[in-house]
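What Swiss-Prot records for this protein:
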ACT_SITE  Thr14  active site
BINDING   Ala173, Cys176, Thr179  Na(+) binding site
Amino acid sequence: MQSNSSSFPDWHGTTILAVRKNGSTVIAGDGQVSMGPTVVKGNARKVRRLAGGKVVAGFAGATADAFTLIERLEAKLEQYPDQLARACVDLAKDWRTDRYLRRLEAMLLVADKTAIYTVTGVGDVLEPGESLGGGAVAAIGSGGNYALAAGKALIDLDLSAEDIARKAMGIAAEICVYTNGNLTVESL
């Protein structure tokens, strides 16, 4: 996450991972927020339950921007109850076309019991492909590629979705200096 102004230091942080396996969906997020080389917070909560607990969302990027997007997603979920894909697509459309929203610098990882979506400001609503065993993994944030690789390596092993998420996030925290092991884990 980089600031738009050279007068502010770069903000980094956040690794969010979603794992779906055997009817269980988990989103895990680390707690670290860094400004340049300094950790400014180690216990941030970047994963939230929405829609009466039926949806879980994690965010990466500018915090205020992410909160704005979470609020917009909640409104879309009220407008389209039990239609997560439609709510995400409608949010992405608004995000891309609205003059105010298109300036927001964040990404969302959103899931219900049956699907996981990565939602971006350029209009992307991406659903991860399934593994041979039927599971799925998606990740965003500074350590997202590390968590994604670890999750994909673990998905077909005899582990629960939560165990995979915790192990993959632990691996990401060992590699990415902007990710810590202080996890928030929400399961559906």
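Every residue, even glycine, has its Cβ placed from backbone N, Cα and C.
Features as recorded by Swiss-Prot, highlighted on the structure.
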| residue | record | DSSP class |
| --- | --- | --- |
| Thr14 | active site | coil |
| Ala173 | Na(+) binding site | helix |
| Thr179 | Na(+) binding site | coil |
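In this structure, the CA atom of the residue listed as 'active site' is 6 Å away from the CA atom of Thr179 (Na(+) binding site). Within 8 Å of the centroid of the Cβ atoms of Ala173, Cys176, Thr179, where the record puts Na(+), the same chain has further Cβ atoms from Thr15, Asp30, Gln32, Ser142, Gly143, Tyr146, Ala147, Met169, Ala172, Glu174, Ile175, Val177, Tyr178, Asn180, Gly181. Long-range Cβ neighbours of Cys176 (Na(+) binding site) (same chain, at least 6 residues apart, Cβ-Cβ under 8 Å): Thr15, Ser142, Gly143, Tyr146. When Cβ atoms from all protein chains are considered, those within 10 Å of Thr179 (Na(+) binding site) total 30, not counting its own.
Taking a C-beta cut-off of under 8 angstroms and a sequence separation of 6 or more, Ala173 (Na(+) binding site) has the following same-chain neighbours: Thr15, Asp30, Gly143, Thr179, Asn180, Gly181.
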